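TrEMBL has this to say about the protein:
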type: ACT_SITE; residues: Cys322; note: active site
type: ACT_SITE; residues: His381; note: active site
type: ACT_SITE; residues: Asp404; note: active site
type: BINDING; residues: Asn444, Asp446, Glu493, Glu498; note: Ca(2+) binding site
type: DOMAIN; residues: 314-407; note: domain 'Transglutaminase-like'
type: REGION; residues: 1-33; note: region 'Disordered'
Amino acid sequence: MSETTNTNEEKKKPPLNGRRALPSNNSNDEENEVPEMEAFGLIPRGFNPKDYLHVVDIRMFKEPHEINKQQHHTDKYYSPKLIVRRGQTFQIQIDFNRPYKPETDQFWLEYLIGRYPQQNKGTYIPILVGHVLKPGEWGAKITHKENNSVRLSIMSSATCIVGKFRLYVAVWTPFGILRTHRNSATDTYILFNPWCQQDAVYLDDEKEREEYVLNDVGIVFHGNINDIKLRSWSYGQFEENILDACLFLMDKAELELSGRGNPIKICRVASAVINSRDDNGVIAGSWDNTYTYGVAPSAWTGSVDILLEYYSSKQPVRYGQCWVFAGVFNTFLRCLGIPARLITNYSSAHDNNANLQLDFFLDNEGKVDTKLTKDSVWNYHCWNEAWMTRPDLPVGFGGWQVVDGTPQETSDGMYRCGPASVQAIKHGHVCFQFDAPFVYAEVNSDIVYQRREKNGTQVIEKIDTTHVGQLIVTKEVGGEGMMEITEEYKFQEGSQEERLALETAVMYGVKKQTIQDTMYQPQTDVDMEFQVQKAVLGSDFKVTITFRNKSRNSYTATTYLSGNIVFYTGVTKNEFKKHSFTAKLEPFSSSAFDVLIKSSEYLSDLLDQASFHFFVTARINETGKILATQKATVLEIPMLRIKTQGETVAGKEMSVTVEFTNPLKQTLENVMLRLEGPGVLRTMKKEFRQIPMSSTLIWEVKCIPKRPGLRKLIASLNCDALRHVYGELNVQIQKP
């Protein structure tokens, strides 16, 4: 961007430059003027807007007890405005000056955000009234007409910008477009939606959503590993003005509005703006025990005071330490609808040069030399995890992401940290953005104690590989207790897998100074491949690990296979298969090792889309070198079959059948079938109590298609044991 000076004149007219036709749009607060009459040309003298359809009132159903806030889980927000979550329908009612006549009248809705709304940026959204709503895409349809009123159901995009939108209703006349005037009472806040499968923050467990999105109090674990203390923290994400304060943080961080539908970007900029270093952010940190002109970090009991003070003063609030940064960050995330939790890591390494070892220099008497020693171990350190998909990374790294607002080290030139995938940290795949090596070091560093001899040589006195990251905890779901999550971050201390993950991290560029400081050299004379057999849901299948030893040496490889059930978005749910074995690799030969995956191992935990993700890590014991690979795989889910009988002519009855054969070795219960086809039939539902194993259900439906042309029939089947079963059929409806 071009240089700007902060005069008021500049504020009114932002600078343009050669790269952009419009200035950047990074304030949710600023608005543009929208013309109430947009003429198509000369307006004839006799034109009277009152002759045309005219909006008298818009009802938003925005009270906490009304349908919108109830269905969208936003009834707790202390705000008179409408607050909805994206990718889910909400209702409004428009009262006109006379009955609406669809044959001649035309109106549409316009949602705008920021000062320079543009359709291709998602900041100007015109919505025509149609007949069918597509899940997760902008649209509106009339659900009810009565007297002068129409009731609309509106669907927002599951990827739309999160923030405060302005609503206008536009009416078409032959001479121009008439708009409603600016009315802040119809402003609509749109938030992330963990209840919507198409949203990047979708979380499939209702109890977890209640905890990580809707719970407005939490617990901070502090103290140290031998003396764990706890305290409550009030997040207060629903309190008055907190939502506006959280949106203001994104304005402060100058996050372009078009990027505000992306939780990865929001977390990244928020981790910088939560602390005051380099951007005048929310909280000034202080670790020196003098808190003059401010509040001591330990005095805060929650986030609300801090956020409201920052929102009004626009100056950093003094003072915070790690749990204060984490508490306020948690409020911000939950307020916007991103599932979040506060984490405590006991014995947390602050590794200054990210070499995976903390260097503690001892003097002659064996005491730590504070001048030389730059690294530190924190008794505990708090950060946050935010739940989201990571489409920017390979499959398997979505789910919980570490974000940290405490200013420890700079990342890309600013004090910020994350989002870093917890799954990537556990397996040592720290090559994936953002800041994974730093977090890996926080939970995995070795402590090296060294002493300088009189002649200047360094003597290693002791290496402690187990002190750092001994215990990682968070508040339990739905209770007040402590839940240990150490194993989400690391394998059992001292286990084969833990060493493998460490060596993988080193391979991916985490600097680990070995004592003789050798450069890393990969094992080039052994290849490892990994194949997964194609399989249908409900059957056993095998995976094959193949080693090719291209050398004249005999090797043994300690091999670890980890099978994880993942959401279709690549978010891991749990590990369902662990298998370790030692492979003998003869010179100049290939050896294949099969591992059987039984349906009984995965069926109970299987998710909607039957996706797996496998990590394979092997260490060549003779050389200590690591081979690592990963693969995502999806089971085949059977389809529904749709057929039509007889002729398909508009206005004539036709017959549609849906067939399905149960592939599982169990009876399916309470099976819900749906069939819909815009222009052919309204959505129809039918419940089947049971479908025995291997049996086929047939459902026949009669309908009268309304419109000729190419139409699509879509069917779905849903029950607890089986989801994401679909079928579709294109049908050409003839003219009568």
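Here the Cβ of each residue, glycine as well, is placed from N, Cα and C on the backbone.
Annotated features taken from TrEMBL, shown on the structure.
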residue: Cys322; record: active site; contacts (Cβ under 8 Å, 6+ apart): Trp378, Tyr380, His381, Cys382, Trp383, Thr406
residue: Asp404; record: active site; contacts (Cβ under 8 Å, 6+ apart): Ser271, Phe325, Ala326, Trp383, Asn384, Arg416, Cys417, Gly418, Val439
residue: Asn444; record: Ca(2+) binding site; contacts (Cβ under 8 Å, 6+ apart): Ala349, Leu356, Val468, Gly469, Lys490, Leu502, Ala505
residue: Asp446; record: Ca(2+) binding site; contacts (Cβ under 8 Å, 6+ apart): Leu356, Gln357, Leu358, Ile463, Asp464, Thr465, Val468
residue: Glu493; record: Ca(2+) binding site; contacts (Cβ under 8 Å, 6+ apart): Thr465, Thr466, Gln470
residue: Glu498; record: Ca(2+) binding site; contacts (Cβ under 8 Å, 6+ apart): Lys490, Phe491, Gln492
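In the structure as shown, the Cβ atom of His381 (active site) sits within 10 Å of 26 other Cβ atoms. Confidence over the domain 'Transglutaminase-like' (314-407), given as mean pLDDT on the 0 to 100 scale, stands at 86. Apart from the site residues Asn444, Asp446, Glu493, Glu498, the chain places the Cβ of Thr465, Thr466, Val468, Gly469, Lys490, Gly494, Arg499, Leu502 no farther than 8 Å from the centroid of the site's Cβ atoms, the recorded Ca(2+) location. For the domain 'Transglutaminase-like' (314-407), the DSSP-based tally of helix, strand and coil residues reads 15 helix, 42 strand, 37 coil.
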